[in-house]
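Scroll down for the structure; my scribbles are underneath it.
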């Protein structure tokens, strides 16, 4: 199959409605996640100066250096802390509000937080920035609902492409925030409040567009039992009324989950199959965070200046890294539906292990001109491998490994692993670099090697497979989970007494139990032939 034929086949099913929804979710939900994570890196010196000036305005004295470092560290760490709180509430809120309803509510929170951030300069209050930073983190945790929505609205053959949109939104937001943070754009003393409040504009775009789309059909049928609305949703996303086959698949999933409640973290950890799937998901998250990407993205400018690259050159080199990340993500979205998930993940993890080892060597020779060029080239290659595999797949793999009743909790757990390791690496890297110098990157290389081995042995290929097939591969039973309403034996017996003799004989012979209640009756008949 040629490239043109392949693209024609893979874009089949990418209807205008599906594309419109994907763009709306990417702009309004995935963009704020990445933008607010990195937006404070460029204007850090300006913001530290504002922290000190506002402290003096309210207390009549300036902070000393250790105190300023402490406040800035707290400000940086609170984003991940807030994201953990957001992830903790993800499972409950996505089931209560739905996927689409959740994203609409997030926009109103972003408006409120953007107002706090934007008014901080007028109020001369650095505390408002710290509070807003925490709340932006909560929003980031809630934004992971987009990964669930992408998976549930996409046709099976487009799950990889739409799943990759989460990383595309993240990569594009990083590039845009770096560009807007340049001193001659918004990264100056006059306009930094606009820079920090920019995601309010993307929220407006989503509020204008997302209400014209539909809720996830899987959520409507499997979690809410609304068959008519689920069919209308499928027709909307597929652009055709011929959705009977897909509706049958959803009905099978709904029947399997009929008497099964939304699973908690403990439910997932107690079930061996679900636990195995969770470990795979978390290992892919760790391959991203422990691979060194945080050190490169957060400290790339400082790394370059440490080997005698001038600040303007280092800043533009950092923008080049962001551009390469975006381009690689676009390429990986094409590759995911041709090569699957395993090959890109293994190639990306192995490639970043090699690049971090080389980077440790290159940064050891700052006195040579070739080392300056090589450090930028190796860093760009590292970002390419990282984005090609872990950075793209970590956002899409978890929804593919779990059924509807376990998916929200599993996604929240994997994202919490991401944010915790993100914080640990971000906080510890400056100290480790001071102690170990450039050889700190050998730690990232070693972690990537260990995770490569684990992923090679345990990660299944999910391309083109149904969720049921993937889940069963981990040994998860169709009724895994706790019953929402457990009927006691007396009620089962009452229902059994209402059966005709022929129906009882059918149940006794093990033929045709259609649901959990019938299976319970069949078990009673088998134990007591006199029933």
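Placed from the backbone N, Cα and C atoms, the Cβ positions cover glycine too.
The annotation domain 'Major facilitator superfamily (MFS) profile' is assigned in TrEMBL to 22-463.
What TrEMBL lists as transmembrane segment is 70-93 (among others).
Taken from TrEMBL, the feature transmembrane segment covers 105-124 (among others). Listed as Cβ neighbours of the transmembrane segment (105-124) (distance under 8 Å, sequence separation of 6 or more from its ends, same chain) are residues 28-29, 32, 50, 53-54, 57-58, 97, 131-132, 135-136, 138-139, 142-143, 145, 192-194, 196-197, 199-200, 203-204, 206-207.
Among residues of the same chain six or more beyond the transmembrane segment (130-151), those with a C-beta under 8 A of the stretch's C-beta atoms are 22, 25-26, 29-30, 32-33, 36-37, 40, 71, 74-76, 78-90, 93-94, 99-100, 102-103, 106, 109-110, 112-114, 116-117, 120, 159, 162-163, 165-166, 169, 196, 216, 395-396, 398-400, 407-408, 411-412, 415, 419. Look at TrEMBL and you will find 130-151 (among others) tagged as transmembrane segment.
Non-local neighbours of the transmembrane segment (163-185) in the same chain are 22, 25-27, 29-35, 37-39, 41-43, 146-147, 150-151, 154, 191, 195, 198, 297, 315, 318-319, 322-323, 325-326, 329-330, 332-333, 336, 387, 391-392, 395-397, 399-400; each lies 6+ residues outside the stretch with a CB under 8 Å from one of its CB atoms. Here TrEMBL flags 163-185 (among others) as transmembrane segment.
Same-chain neighbours of the transmembrane segment (191-210): 20-21, 23-25, 27-29, 31-32, 35-36, 39-40, 43, 46-47, 50, 100, 103-104, 106-107, 110-111, 114-115, 117-122, 129, 132, 177, 180-181, 185, counting only residues six or more beyond its ends whose CB sits under 8 Å from a CB of the stretch. Residues annotated as transmembrane segment in TrEMBL: 191-210 (among others).
Below 8 angstroms of C-beta separation, residues 38, 41, 174, 268-269, 321, 345, 348-349, 352-353, 356, 379, 382-383, 386, 389-391, 393-394, 397-398, 401-402, 410, 413-415, 417-418, 421-422, 425-426, 429-430, 433, 440-441, 444-445, 447-448, 451-452, 454-455, 458-460, 471, 474-476 of the same chain, each at least six residues beyond the ends of the transmembrane segment (276-299), sit close to that stretch. According to TrEMBL, the transmembrane segment annotation covers 276-299 (among others).
Annotation comment: TrEMBL describes 314-336 (among others) as transmembrane segment.
Beyond the transmembrane segment (348-370), the same-chain residues lying 6 or more positions past its ends with a Cβ under 8 Å from any Cβ of the stretch are 287, 291-293, 303, 306-308, 378-379, 381-382, 384-391, 393, 437-442, 444-445, 448-449, 451-452, 455. For 348-370 (among others), the entry in TrEMBL reads transmembrane segment.
Sequence-distant contacts of the transmembrane segment (376-398), counting only residues of its own chain at least 6 positions beyond either end whose CB sits under 8 Å from a CB of the stretch, comprise 147, 150-151, 159-160, 163-164, 166-167, 170-171, 280-281, 284-285, 287-288, 291-293, 296, 300, 303-304, 309, 317, 320-321, 324-325, 328-329, 331-333, 335-336, 341, 344-352, 355-356, 358-359, 362, 407, 410-411, 414, 418, 462. Under the heading transmembrane segment, TrEMBL lists 376-398 (among others).
Here TrEMBL flags 410-429 (among others) as transmembrane segment.
Packing against the transmembrane segment (435-456) from elsewhere in the chain are residues 280, 283-284, 286-287, 290-292, 295, 345-346, 349-350, 352-354, 356-357, 359-364, 429: each is 6 or more residues past its ends and has a CB under 8 Å from a CB in it. TrEMBL lists 435-456 (among others) with the feature transmembrane segment.
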Segment-level pLDDT (mean, integer) for the domain 'Major facilitator superfamily (MFS) profile' (22-463): 86
